[in-house]
């Protein structure tokens, strides 16, 4: 979730099998059973459920009886059963989840002792429960985005896409958006010049089109430990978005590489900017420089708080603040062919209760009741109107706006660059262990 600075011949045999009404053997997906090196288990093939296309099969002349023909017809009309998504815990009954990608810290002269220090390793083991929460969330994230990447197609409504992703998070986490585990923040599905913070409200009719470039920003939390990771999807076959996608992905990896204990935030931003702005995008004979969106940042993450104080710039901004041991950061970059600066525009869908507002009194009885619903279901985690409606809330907009005006709830409207421009995003969550950093959300896809 974006941090905002103020100011992705067998046919004949098959035919005979059908005639005899013999079930075809089902091949097991090895990934479902054991996953891959990054914990990318593909146990979510339930979205590949299609009716068998028997009309195009080659068949030999048959002397089957009428009853045989009837059986064949019934067989033909059968649909494959959908696999039900089950909680991730069933795959890891001992509660030990796949680790992310480990990386050495930069500043070798300062941090080389961390790799071999037994004391640092001991300190790391003391926080094992925390790391396992992040790894569980990251494994859910990988499975959910695998399902999204294999299922999302042009022609789907944004509501359909959001429900696909969010229901998968709920099912894999085994929770329906509770404070124990589930959705970490509203699913971002921002298109084209919209850079971040768009998710559909109920009744939104927006449809994904073939030429759209869509940022998919998914949050998963376990016990308040939020995994924040995003990718960009395109469906255009002429490759026009390849350059901006490559620029942003490479800039994000540069930010991850440069991050570490005692590293200054300005230095990370400068490295990101150098990579991002070395790219150009061509469209219709015109060349557009790819710019960092300078008022969007990465950010550190605290328990139940997605933006926790420190911002990781994607340009050199002079911030001499250092990253510290034990912190968690979302390293994200945004590239644009527009102005490289975003402004709020459009109907708001994202909200979050502010921290430290216990002393603020809701202005009405209805807003007080609404605030209780927010506290019980989301705490300080971000949420959207659709999630509020799942709790049973109706006719809440006036009360919600009262909470916003009184500073109890913060609103995060969509943020956009100039119309007609294109924006892209990639993001990973990193954990600053005492001895190494872990890119916990890393997968085979990005």
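Here the Cβ of each residue, glycine as well, is placed from N, Cα and C on the backbone.
Summarising the annotation, Swiss-Prot assigns region 'Disordered' to 1-85.
Here Swiss-Prot flags 8-32 as compositional bias 'Basic and acidic residues'.
Positions annotated as compositional bias 'Acidic residues' by Swiss-Prot: 42-58.
Summarising the annotation, Swiss-Prot assigns compositional bias 'Basic residues' to 73-85.
The annotation substrate binding site is assigned in Swiss-Prot to 197, 307 on the grounds of sequence analysis. The number of other CB atoms found within 10 A of the CB of residue 307 (substrate binding site), across every protein chain shown, is 23. Reduced to three states, the DSSP call for residue 307 (substrate binding site) is coil.
Its Cβ placed at the centre, residue 427 (divalent metal cation 1 binding site) has 27 other Cβ atoms within 10 Å. Annotation comment: Swiss-Prot describes 217, 228, 427 as divalent metal cation 1 binding site, evidence class sequence analysis.
Proximity of residue 299 (divalent metal cation 2 binding site) to non-local residues of its own chain (separation of 6 or more, Cβ distance below 8 Å) is seen for 3, 306, 307, 308, 310, 311, 312, 329, 330, given in sequence order. Summarising the annotation, Swiss-Prot assigns divalent metal cation 2 binding site to 228, 299, 332, 427 and lists sequence analysis as the type of evidence.
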Beyond the site residues 217, 228, 427: chain residues whose C-beta lies within 8 Å of the centroid, for divalent metal cation 1: 1, 2, 188, 218, 219, 229, 230, 330, 332, 425, 429
Inter-residue C-alpha distance, residue 427 (divalent metal cation 1 binding site) and residue 332 (divalent metal cation 2 binding site) (nearest angstrom): 4
Alpha-carbon distance [residue 197 (substrate binding site); residue 217 (divalent metal cation 1 binding site)] in Å: 9
DSSP-derived structure type at residue 427 (divalent metal cation 1 binding site), helix or strand or else coil: strand
Cβ-centroid neighbours of divalent metal cation 2 site 228, 299, 332, 427, 8 Å, sequence order: 1, 2, 3, 217, 229, 230, 298, 329, 330, 331, 428, 429
